[in-house]
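Annotated features, as they stand in TrEMBL:
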- 20-42: transmembrane segment (TRANSMEM)
- 54-73: transmembrane segment (TRANSMEM)
- 93-118: transmembrane segment (TRANSMEM)
- 139-159: transmembrane segment (TRANSMEM)
- 183-204: transmembrane segment (TRANSMEM)
- 272-291: region 'Disordered' (REGION)
Amino acid sequence: MTQCEIAEEFRSSTVFKTILLLQVSFAITSLVVIVCSIVWIAKRRQVGHPNLKILFANAYVFYAIFAISEFASKGSTLIRYAFTADSCGLTTLTSVCVALRVPSYACVTAFTVIHLTIAFERFWATYRREDYERQGKTLGVVLSVVTWLMAIGSQIILLRDLELSENRPFCNITTKSNYRQMFIYYAVLILIDVFATLTHVVLLNFNKIRLRQLEGFLDFRLCFVSRRYSWPQPQNDGALQPERVLPAKGEHHSDAHFDSSGHLPHADLRHISGTHRRRPPSPRPIGLRAPRHLHRDVQHRLHLHDAPPALHPVSH
């Protein structure tokens, strides 16, 4: 069969034209989703590290190129099937097919490389935090350059023996001489995707464990402070209940001595205000840091202007 006859068979196949129509629809939908997601991210203004922003920006660019390339190649084929009567007019020069399809082939490679680079970036940010912060945007720029070079270089290697002057019944740059190489190449890409996915799962579980440890440590510090200092509960109108703060007349307290009027002497007020107050111990696991506002909040509450005169630390 000649190339013209093969092209005519492709046009007469309803299944083939349905597949082309679905691919064009998916390409248009992908472009709409990309635009909507970019607008949504811009409105939310989420904070992220510059390296991660650079890698995700590259991913958006490659997805847009892939959608445009698929729309152009498949859409032009459908237009020729609808408006071309001559069967030989349905064929396409190989050089034109390369111009239409190589961007999408390169993007398929780039998707896998981006998946791997994001996994490496997250690994570096997790286990080499100081180096990661010190380098700034350098890691993201280097990984982006590597992604583009691998995406373009892989297509040059795979299609170096392609004959550009012959006509093709369908824009497919896979030939009898390179289909084995293409099969092995895409199998390797699938294995790389699986490895990158497993890396993401391991890093996610590790960071969840670290987050639980940090939350437990902060809960311990807050519980320690709340047990060290007891505060009277306000009534419905917001006023303090003096009977919960002041002891009964003539009652002796372990930490402070009240005079006949029910007030603490000046020395005890100085003790409560923080002049001679003992700071609570600060046990701290290695690598974790308690929030700085804990002690400031306690000192502010213990100040004479904010605390009632008879407020005192509770001894345990």
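Backbone N, Cα and C atoms are what each Cβ position is placed from, and that goes for glycine too.
As a quick check, the transmembrane segment (93-118) and the transmembrane segment (20-42) miss the bar of 3 or more Cβ pairs under 8 A, pairs 6 or more apart, so the two do not touch. Tertiary neighbourhood of the transmembrane segment (20-42): same-chain residues 60, 63-64, 66-68, 70-71, 74-75, 77-78, selected by CB-CB distance under 8 Å and a gap of 6+ residues from either end.
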